[in-house]
Amino acid sequence: MLRIADKTFDSHLFTGTGKFASSQLMVEAIRASGSQLVTLAMKRVDLRQHNDAILAPLIEAGVTLLPNTSGAKTAEEAIFAAQLALEALGTHWLKLEIHPDARWLLPDPIETLKAAEALVKQGFVVLPYCGADPVLCKRLEEVGCAAVMPLGAPIGSNQGLETKAMLEIIIQQATVPVVVDAGIGVPSHAAQALEMGADAVLVNTAIAVADDPVMMATAFRLAVEAGLLARQAVPGNRSTYASATSPLTGFLEALA
């Protein structure tokens, strides 16, 4: 069970809604993933119409919606987008994204911290997408963010946990949930994140662009479950030397 702010989730896999070939395929993949928290970009939906092609199927699916501010380049733009989302969807939950460079889509740490502090004061449940910077993540936690969402690699790159060393520090020092977001390309990346101690992962591109998104969503669900079980089982310590699983000489002594 994963608790963030006032909500609890059985699934430790969060999903996105971009890049799917159709809304029907999107919903089928989300259902196969078991995800209960789904993020969607405010810039991609018609907030005035709940029968929007993306929004309506998600509402019908009964998942918790996590609007995001993707496309915002400044704290002011992100705050404005958050207020629009609150008015349209009636949720204080928000994935805060501010990335001014469209080529790399890396989060702006200064604007993110500035916006997070303001939004928390306005009553939002803020989940900020941020760089894998332990100092920044601690600052975001201190201003009241409900979780932190450090990147594993650039958005949509499928590179995996390129920031592993920094993620380990973030996980070790965090007192709020850590959700690894961005760059996760295959299910083994997700399993590794959970094994490391991450509370959840958010996956979009890797599922949406697969030849079979529904099958890939299922694979991610199983990988996240496996990673969590492995962590709970407490793996053995890593060793420099070999350690035999059975006596090396006992059978020889028995023959003597």
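Quick reminder: no glycine exception, Cβ is built from N, Cα and C everywhere.
What Swiss-Prot records for this protein:
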type	residues	note
ACT_SITE	Lys95	active site, schiff-base intermediate with DXP
BINDING	Gly156, Ala182, Gly183, Asn204, Thr205	1-deoxy-D-xylulose 5-phosphate binding site
Measuring Cα to Cα, how many angstrom lie between Ala182 (1-deoxy-D-xylulose 5-phosphate binding site) and Lys95 (active site, schiff-base intermediate with DXP)?
13
Taking every protein chain in this structure into account, which of the binding-site residues Gly156, Gly183 has the most other Cβ atoms within 10 Å of its Cβ?
Gly183
Integer Cα-Cα distance in angstrom, Lys95 (active site, schiff-base intermediate with DXP) to Thr205 (1-deoxy-D-xylulose 5-phosphate binding site):
17
Using the recorded 1-deoxy-D-xylulose 5-phosphate site (Gly156, Ala182, Gly183, Asn204, Thr205) as reference, state which further residues of the same chain have their Cβ within 8 Å of the centre of those residues' Cβ atoms, listed in sequence order.
Gly16, Ala153, Pro154, Ile155, Ser157, Asn158, Asp181, Ile184, Gly185, Val203, Ala206
I'd like the Cβ neighbour count for Thr205 (1-deoxy-D-xylulose 5-phosphate binding site), meaning other Cβ atoms within 10 Å of its Cβ, all protein chains included.
18
